[in-house]
Amino acid sequence: PAAAPPGGSGCAPRARGPSPGRCGSDICYGGSDAAAELRARLRAVRHTVLVLSGKGGVGKSTFSALLAHGLAADETKQVALLDIDICGPSIPKMMGLEGEQVHQSGSGWSPVYVEENLGVMSVGFLLSSPDDAVIWRGPKKNGLIKQFLRDVDWGEVDYLIVDTPPGTSDEHLSIVQYLSATHIDGAVIVTTPQEVSLQDVRKEINFCRKVKLPIIGVVENMSGFVCPKCKNESQIFPPTTGGAEKMCQNLSVSLLGKVPLDPQIGKSCDRGQSFLAEAPESPATLSYRKIIQIKDFCSSSFTRKL
């Protein structure tokens, strides 16, 4: 079981599996040996993509899950999905892995696999119940993120997708700094069309530029709704200031695509199934297939790194 963090008992859920170690108040690798271990572990990861959002509730974790499913549809590619939303780990449910546990071997923690070429790691696998609250301060979160990167035996991975919590806080600083020892292809930022979401996305873009994190582009989620019967389109979240398209033009950022609302997406995620497989002809699926072409961006980024 995981030990409670500093601050008294009851501050953290009882966890199944290895306990995250403690690190200092500053973001650190834990010494040169730890940095070397991290680089050695991630040397077999070809491409790393962070999924960010300024605001919660915009469908960021849903996008991360479907991006992983979409990339893994190519059976020649090995895909890993890392959930570092420590306080709200929804990836296990969306991937149909609730109740699964993490196992440890001589080579490290073993990911939980959806398919042979799609592995997942999340703090949700360490909790005794999906309803347990993770009440941890920044250093405790940083320590777990470092362990996920250094101690998980991902093996050879073509794409590592990292689902982050909303905002620009401890988890984001940690993942960027830890991965700076290796290589990050860039970030995909998810938003909805209304201005209240775009305000926070502008902050997220500013964060990426300050920490020198490349921005692959922006995805506008919940972008209109096409009635399956009458085929009329409604704007559930009206883009009062021009939506993501206008914002991207103003900030010189690529708009990767617009994903329309489809009630089937929520149903598929609740069942832990891939929406892309269940609704291959949906307009939302067609949008996702276009967005998945970020793999071309990753390939050019990998070439530049070499």
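Just so it is clear, glycine is given a Cβ too, placed from its N, Cα and C backbone atoms.
Automatic, uncurated: that is what TrEMBL annotation is.
Look at TrEMBL and you will find 1-21 tagged as region 'Disordered'. Per TrEMBL, the feature compositional bias 'Low complexity' maps to 1-18. TrEMBL lists 46-217 with the feature domain 'AAA+ ATPase'. The feature ATP binding site is assigned by TrEMBL to Gly54, Lys55, Gly56, Gly57, Val58, Gly59, Lys60, Ser61. The [4Fe-4S] cluster binding site feature in TrEMBL is assigned to Cys227, Cys230.
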Next on the checklist: Tell me the Cα distance separating Cys227 ([4Fe-4S] cluster binding site) from Gly56 (ATP binding site), rounded to the nearest angstrom.
Outcome noted: 26
Checklist entry - How many other Cβ atoms are found within 10 Å of the Cβ atom of Val58 (ATP binding site), counting all protein chains shown? => result 24
Item to check | Residues near Lys55 (ATP binding site) in space but at least six apart in sequence (CB under 8 A) | outcome: Pro166, Thr191, Val196, Ser197, Asp200, Val201
Checklist entry - Given the binding-site residues Gly57, Gly59, which one is most crowded in terms of C-beta atoms within 10 angstroms? => result Gly59
Checklist entry - Can you tell me how far the Cα of Cys230 ([4Fe-4S] cluster binding site) sits from the Cα of Gly59 (ATP binding site), in Å? => result 26
Item to check | ATP site shell beyond Gly54, Lys55, Gly56, Gly57, Val58, Gly59, Lys60, Ser61, criterion: Cβ within 8 Å of Cβ centroid | outcome: Ser53, Pro166, Val190, Thr191, Thr192, Ser197
Checklist entry - Here are some binding-site residues: Gly54, Gly56. Which one has the most Cβ atoms within 10 Å of its Cβ? => result Gly54
Checklist entry - Cα of Ser61 (ATP binding site) to Cα of Cys227 ([4Fe-4S] cluster binding site): how many Å, rounded? => result 25
Checklist outcome for this item: Whole-number Å distance separating the Cα atoms of Gly57 (ATP binding site) and Cys227 ([4Fe-4S] cluster binding site) is 22
